[in-house]
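Take a look at the structure below.
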Amino acid sequence: MILAGKKILLGVTGSIAAYKACELLRLLQKEGAEVRVAMSEAATKFVAPLSFASLSKCPVYTKDGNPEGRPFQHIDFPRWADLYIVAPASADAIGKFANGLADDPVSLCYMSSTGDKWIAPAMNTAMYLSNAVQKNLETLRSFADTHILESPAGELACGEMGPGRFMEPAEIVNALRFYSPESEAKMGSVLITAGRTEEAIDPVRYISNRSSGKTAVALANEFLKAGYRVFFVHGPMDVKVPFGVFDVPVTSSQDMYDRVLSAQSKMDVIVHCAAVADYRPKHVSETKIKDSRGQLVLELEPNPNILRDSVKNKAAKQVIVGFGLETDDVQKHGEEKLSKSGADFLVLNTPVVDGAGFGYDRVPFAILEKGKPVPELLMRSKAELAEDVVKLVSAKREAFYA
Ligand SMILES: Cc1cc2nc3c(=O)[nH]c(=O)nc-3n(C[C@H](O)[C@H](O)[C@H](O)COP(=O)(O)O)c2cc1C
């Protein structure tokens, strides 16, 4: 979902996690959304409404009434909003939403909102696992307009371990960004990995490569032109992330792996363009490694293979494009890589030409397709490479729906 320009109503209820709603509000604003806040009475005991009023630059809707001083206090905010997020949602609030009770600002807004509603539960594990809360969550999951934002089990504020933990604000923002509402679904979504990865050796050193990110940026621009929603999961790059893409920065190959695999099911196309490190140091030193003037041996272990595992998880009607960079016997190695990976297409390129490849605008490349002969590599611009990829991917997707 594109959050820029969205009007978001944030409901806050009586949980120890209420303070995290301030951070969520700020992150939503950073995405370009306008946010207003409704609070239950219990929530105002955890965080003062003044904090939310100052951050949102708008009076908060509390039990004392409507900020705009109009009599229809429970209708004004939901009508203004494009979507409603209740974060944190207490056991009590979840019970009210599931059973049609509306006796405080947050539950009143839930009942009178006609848009999409997002609920982020936050409570002690025993409460969360109680039959009552589980039944209420099941009921809410069955509502077409309500989405539950669940955090993986972890340490809770009360010190216990288990489910019920509040999803971190940044994760909530990501869940919203990766969600495709009906109105956006027809556009098609593409996830492009970009840039290089950094594999830590110690707190100040890392292993990386020379990838600039230029090819991925050309791809992002071309997919945007073709009307796709573009998600950019990128490591460090020498070029700027293009305007209009959903930007998910990462550092290591493992971070990139986690991000790509968790978002993959929501994408129509995945383009693995990043220069991912194949190996990482087996042990990362917690302190800076001292110069002993002696020989230093770094033991490396393989990183998870993002392309291979992404292909393993490929959904029907999903298109996957891999990238292969070879320096010797390029066509033969490219063909092997395509068949080993199982990707639909492989963009084969080579850096061993002066004035081409890393950091340059031109690169010798060929696009290999499953079951077709391997073409010659031709020196062309990265913009042309991107055009070709988008054409091939779009043709393949059209064939799915023909
Ligand atoms: C210190 C403290 C922390 C609490 N934390 C939570 C919590 O994380 N989740 C929850 O469901 N209830 C929690 N409660 C209980 C709720 O605040 C209580 O059920 C309240 O009535 C919820 O009201 P509301 O849903 O209108 O906000 C907590 C209570 C206290 C005193």
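Here the Cβ of each residue, glycine as well, is placed from N, Cα and C on the backbone.
Those TrEMBL annotations? Automatic predictions, nothing curated.
Residues or ranges marked as region 'Phosphopantothenoylcysteine decarboxylase' in TrEMBL: 1-190. Model confidence over the region 'Phosphopantothenoylcysteine decarboxylase' (1-190) stands at 89, taken as the mean pLDDT rounded to a whole number.
According to TrEMBL, the feature domain 'Flavoprotein' maps to 6-174.
TrEMBL lists Cys158 with the feature active site, proton donor.
Annotation source TrEMBL lists domain 'DNA/pantothenate metabolism flavoprotein C-terminal' at 189-394.
The feature region 'Phosphopantothenate--cysteine ligase' is assigned by TrEMBL to 190-402.
Per TrEMBL, the feature CTP binding site maps to Asp278, Lys288, Phe323, Lys337. Phe323 (CTP binding site) counts 26 other C-beta atoms within 10 Å of its own C-beta, drawing on all protein chains shown.
Set side by side, the binding-site residues Asp278, Lys288, Lys337 differ in how many other CB atoms lie within 10 angstroms of their CB, and the most is found at Lys337.
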